[in-house]
Each structure stands twice: as C-alpha cells, then as structure tokens.
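So the structure is just underneath, and the comments pick up after that.
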Amino acid sequence: MTDTFSDYADCTPLLDDREALDRFYDEHGYVYLRGVLDRELVRTTAEQMLQGLIALGHAAPGTTLDTLTIESYEAVDEVAMHDHVRYDDLWNHPSTLKVWEKVFGEPVFVFKSTTIRYYPSAPDSAEPSFLTPLHQDGFYIGPNKDFRTAWIPLLPTTRGTGGVAIADGSHKKGPREHVLTENFRRFGHAVRGIPPAEFGADEELLFSPMEPGDVLLFHAFMCHKSLPNVSVDPAGMRMSMDTRIQPASSHRGFNALTPWPESAKDASKGIMSKITGTPTTAE
C-alpha cells in the first residue's frame, strides 16, 4: 500500500435508493455524503470550538475562523475543550438524525463519546506523533461491531490540511492485528496500529477534500488513518469531529455510553483503556 489517494465516491445520489446504498456500503465499507448536514449547525459547532481555544488562551480574542491558528494541538487541554463544544446538539438534531436513519435504514443511537480535533499546519512534521496510524475502530470499540464511525469537517479540508484516509473495501477482511507503534502516541502512551504488511495492493487509500455539511461514515473494520496538516500558502487549521452511530436496538457498550471527557481524564490510562473502560497492562 502506498500513500497515493483516489477520491471517495459520492454516495449522495444513493440516499433514496435503499438497495443501492446498502450494496455500495457492503462492497466498499463507507458512505460519503455531500452537503447533507445543516451547514449553520456545523458552523455553530466550529464557532464553539474557536471560542474554546480563545477561552483557554490558545487564540487571541477577536480571532475568527478565517484567521485562526494555534501553536500546538498537544498544548491544548483536550478535556477542557469538550466543555466548550456542544457536539451532541449537532449529532442529535432532528435534521441530522434523519440523515443517520436514512443511512442505516432504521432508528439509531448516537454514541455519547465524541472526538474533537483542531490541528494547526505543521508542514515540517509530516507525521506528528498525535496522528493515528492505520487502524480499525472495531479493534478498540465494542462489544458489538455494528456501529459506524461518522467523521465531519467543521472547516473546509484540502489535500494540504489533510483529513481521514480510508482503505477501500478493507472491512471485508474483518479484524486485523494491531501492534504498538512507538512513533504514534496519545496521552504519552504508544498507539496500536496495523502493520503495512497487512495490506494488499488492492486496498486502495481514498481521500477527498470535504466541505462543512459533508459526512463520511464507515464500517467498524474499515482500515483508516489521520493525514497530517501540511498546508502552506495559505496555511490553514483543520477542525473536525467524529463519533459512532449504531442501530438503536443494539447493545450499548462503554464507549457508546461514556462521554469522552469522562474516559479521558485519567492520565494513567492509555487510549485502549480510555476507550474500553478496562485497564490494560499494555496499550
């Protein structure tokens, strides 16, 4: 597998064709929808994130989304930032729930746990340690695996600002081995990822620039990773957030019921323990 990217396929025209939408998802493991979320709701969430960065002293008063830049993602208190972003208002807004239910074809439950991201441009560091290596969310989250990850940009993304890359159809091979990758760390702990040797030449990486209002949903066993923000001329912030969604009738595990700040506040735990709620001897 090489880091060359083809575009996501736009699935928006399939939203009203249940059979075609399910067929595409079963084959490719993702659904990319353009402009389906209320842009004003997304903008409000972006403004809340901006105000959080200002309140915590990482951006000057009067900074706008167009002028925002911060020195470091890692310097921001991630738990404190969650007090400023009312993401559940977006995830569970009636207009948003209609989108989720159209994708699933049934009533849904949106996880209480949300991840928020505010990455400044770092063109001299191609892979900052806080980025995630190739992995499957289903390795961490359970016990049921019928959830889908929903990833949205709060500001426009470009090939420079990066985003999330997915390996087309990789979900069909099921769960894969994840090994510790010392060059990727979260909360001071090494993060597990999938060895590159695990991938076949047919598992093409996909990435497309996205606009606020777009959403990418993918399978629990979709192999994916974060791409760095290396934007220049202009350098831009990447602001995004993601959660998981599952059928309302399914079992609800620890990550589904526990807000991220509750699981993240224990500094002694690495990412595996935080997501599962179960202490582990090795992350």
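We number each residue from 1, going along the chain as drawn.
For all residues, glycine too, the Cβ spot is worked out from N, Cα and C.
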Fe cation site partner of His135, Asp137 (as recorded in Swiss-Prot), chosen from His58, His82, His224: His224
Per-residue Cβ crowding (10 Å cut-off), top of binding-site residues His135, His224, Arg238: His224
Integer Cα-Cα distance in angstrom, Asp137 (2-oxoglutarate binding site) to His224 (Fe cation binding site): 9
Same chain, 6+ residues apart, C-beta under 8 Å of the C-beta of Trp151 (2-oxoglutarate binding site), given in sequence order: Gly163, Val164, Val215, Leu216, Leu217, Phe218, Ser240, Met241, Asp242
